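Over in Swiss-Prot, the protein carries these features:
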{"type": "DISULFID", "residues": "41-76", "note": "disulfide bond"}
{"type": "DISULFID", "residues": "72-130", "note": "disulfide bond"}
{"type": "DISULFID", "residues": "119-139", "note": "disulfide bond"}
{"type": "SIGNAL", "residues": "1-22", "note": "signal peptide"}
């Protein structure tokens, strides 16, 4: 491989790492922004303090999607930001705008809306909105991890700590 080819490969790799890093940053910002509605939704969704704390570990590999009230909280949080239709399905346009409201959100908005939509299609038969939304969230997390856009728990915890100090 010639020097020019190696230089080109290096530039492409650095660009890809930068793009992935930017996507993860956007995902972190969207996660934190979305999470701002959690406290307001805690009572409505009958979420205990313990289960509410579980939300801070959403991006951990071993996070469990097994409590209906987590799905109810996600539904409430989505409604808080007007991200759901009357049938508790994703409102594509509003979700796109919500994601784009974050710095560099336009980089990831189309991908995120597509991932959520594909997950909704997989779980559309579930009649209970809370359970369906919980399954969609699980599918979304798996899809984000596979796509390399899921933020690490280390990054999320550092951000949570920084926000608590403010």
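Here the Cβ of each residue, glycine as well, is placed from N, Cα and C on the backbone.
Feature map: Swiss-Prot annotations on the structure.
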residue: 41; record: disulfide bond; DSSP (3 states): helix
residue: 72; record: disulfide bond; DSSP (3 states): helix
residue: 119; record: disulfide bond; DSSP (3 states): helix
residue: 130; record: disulfide bond; DSSP (3 states): helix
residue: 139; record: disulfide bond; DSSP (3 states): helix
CB within-chain contacts under 8 A for residue 130 (disulfide bond), separation at least 6 = 45, 68, 69, 71, 72, 75
Spatial separation of residue 41 (disulfide bond) from residue 119 (disulfide bond) - C-alpha basis, Å | 23
Using Cα coordinates, what distance in whole Å links residue 139 (disulfide bond) and residue 76 (disulfide bond)?
-> 19
List the same-chain residues at least 6 positions away in sequence whose Cβ sits under 8 Å from the Cβ of residue 41 (disulfide bond), in sequence order, or say none.
-> 47, 73, 76, 77, 80
